[in-house]
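Undergrad: Starting off with a structure, shown below.
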């Protein structure tokens, strides 16, 4: 499906964005290995999270889904062998976190996914899980499909070579089945939803800076989880409202966990008008309403420990940088190369077609703020974050923009285009 987007004069209104994707995945997975009923409200109903639901069902978990409410009837730590290959679709979170759970199961499972998943690196998960005692085979180069036989695991001390919430989470989930303590050390803080949710369910997880101490032996108990709005989905509205004149948008009930708010930190650093109100905590997660108004942005340098806090938002930050005064440099973001597409290449190529002065580097991009884009026919590369970022570019461009394969937004935000029509 192709979509057409035309220049918009301003954005005004109050909206909600769908439930957080990371938290929705984790609520279903951890609820499945807990004892008793877990009820999840405001669950994100999208292709990625439904892949998690289907995989857990194939492992014997009874899950009832009604609109955005989910009931998970947990089986405890030990699941049932699937008679089928588990297909995670496009979901990197599903395959990597599920490998952690399957490392503790005394049966063999094969995991696969779509073409995008088969290009994404699995070695970063295979290495620590193998050290813990799981037996894992993968396609040459450590790519999916992956065959995993779990069993008796041992605790390890593991220094992660890259900051990755998915890798960290996989090890933490495996640690529930291990004999002895597991210690994980990150090079920089990545999103910490797994730590917070495991603590909510009753696991003994201790955090000391960039170190996480995981102790086995706790029984997980079913919980009621209220999923806050996803800041990664809110990011598109935050950027658009900053850039379009005479705009004011309020986004209700958004997750503002400090490991996820890099987009707000960066926009404020660029001079953006973003304010958090009505701050509170639900299920250990910080939530707020976000108020965004039009502003004039200036270019900055983005890198270092900030990158894991905004890795998914860099494509839309690139759009903001086109309309900022001066030059924006994004560095230390090599991880973008192994997302659903190579997002460095995708964004430099497609914004370039629209007239942006944007240049690819080894670990990021350099954007000169020209304040101008022209409409063009652009490719999404079947990458939801690229498609949504190009939609924002189209709202700001002169003339019309056509986005190819725009239905890929269904992975994380099926009503994305409709929500913009409300403003």
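Here the Cβ of each residue, glycine as well, is placed from N, Cα and C on the backbone.
The following feature annotations were taken from Swiss-Prot:
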| type | residues | note |
| --- | --- | --- |
| BINDING | 21, 92, 120, 166, 343, 385 | phosphoenolpyruvate binding site |
| BINDING | 21, 22, 26, 164, 166, 312, 339 | 3-phosphoshikimate binding site |
| ACT_SITE | 312 | active site, proton acceptor |
Undergrad: Whole-number Å only: compute the distance from the Cα of residue 385 (phosphoenolpyruvate binding site) to the Cα of residue 312 (3-phosphoshikimate binding site).
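TA: Distance between the two Cα atoms comes out at 7 Å.
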Undergrad: Validating a neighbour-count step here. Other CB atoms within 10 A of the CB of residue 339 (3-phosphoshikimate binding site): how many?
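TA: The Cβ of residue 339 (3-phosphoshikimate binding site) has 22 Cβ neighbours within 10 Å.
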Undergrad: Calculate the distance in Å between the alpha carbons (Cα) of residue 92 (phosphoenolpyruvate binding site) and residue 22 (3-phosphoshikimate binding site), and round it to a whole number.
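TA: Per the Cα atoms, residue 92 (phosphoenolpyruvate binding site) and residue 22 (3-phosphoshikimate binding site) stand 11 Å apart.
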Undergrad: Between residue 343 (phosphoenolpyruvate binding site) and residue 312 (3-phosphoshikimate binding site), find the distance joining the two CA atoms and give it rounded to the nearest Å.
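TA: Residue 312 (3-phosphoshikimate binding site) has its Cα 10 Å from the Cα of residue 343 (phosphoenolpyruvate binding site).
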Undergrad: By a 10 A CB contact count over all chains shown, which of the binding-site residues listed here is most packed: 26, 120, 343, 385?
TA: 385
Undergrad: In the structure shown, with every protein chain counted, which of the binding-site residues 21, 22, 92 has the densest set of Cβ atoms within 10 angstroms of its Cβ?
TA: 22
Undergrad: What is the separation, in Å, between the Cα atoms of residue 312 (3-phosphoshikimate binding site) and residue 166 (phosphoenolpyruvate binding site)?
TA: 13
